[in-house]
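S.K.: Pasting in a structure now, in structure tokens, and then I'll have a few things to ask.
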Amino acid sequence: MASSAVPLEDVPSVDIMTELLRRFKCSSKPDKRLVLIGPPGSGKGTQSPIIKDEYCLCHLATGDMLRAAVSAKTPLGIKAKEAMDKGELVSDDLVVGIIDEAMKKPSCEKGFILDGFPRTVVQAQKLDEMLQKQGTKIDKVLNFAIDDSILEERITGRWIHPSSGRTYHTKFAPPKVQGVDDVTGEPLIQRKDDTPEVLKSRLEAFHKQTEPVIDYYAKKGVVAELHAEKPQKDVTAEVQKVLTS
């Protein structure tokens, strides 16, 4: 155990009991290994915390994992920092290695949600190779299908609670108090890239690089298409139907 870990006797009893109850509830849940694919603003960030809690999965967002690996100075994190310091992209092999490391955490015991990876067919192939070595595979790819024309209104009105990933929208899902997270009362932020100009370039990249990933997984028979233009509750119902069928 790492020296920075809090001794168990110093953890409040209510926290221990809450975690034990969570693990007991999770023990009966089926294992699931999911990939969420969709353009920016399609609702992945809204649905992933719901899926994570319902099925006791860990949420693996590659950007967050890279930053954590760099901060923790793991061997892979050091290599990733070297690439970033040179202004280079972190290699697919390094990212897959960091995902491999993250999947070994106890929170990933029942499976995971991958969000933001794979973005290319090559990345999907490397991910499949890594999972095959573990004797597992991707169970389902949730395709958040939505027309580009709907996304601008969604994107420019989006606000986020950074530490939890909870998302709000000024029109479609406003917080109870403007600019404040419903649960913690902490301030919400708006991403610097949530602008029409940045959205256009991100959509072009998505259609060119990531849409072929959907075709790649469709050939394996694991893609479920969601109607991501629907209200949040309707999409949640669709997700639940897909994951329980």
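We number each residue from 1, going along the chain as drawn.
Using N, Cα and C of the backbone, Cβ positions are placed for all residues, glycine too.
In TrEMBL, annotation is done automatically, which means it is predicted and not curated.
Taken from TrEMBL, the feature domain 'Adenylate kinase active site lid' applies to 158-193.
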S.K.: Tell me, roughly as an integer, the mean pLDDT over the domain 'Adenylate kinase active site lid' (158-193).
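M.R.: So the average pLDDT across the domain 'Adenylate kinase active site lid' (158-193) works out to 90.
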S.K.: Mind tallying the domain 'Adenylate kinase active site lid' (158-193) by DSSP state, helix then strand then coil?
M.R.: 0 helix, 11 strand, 25 coil
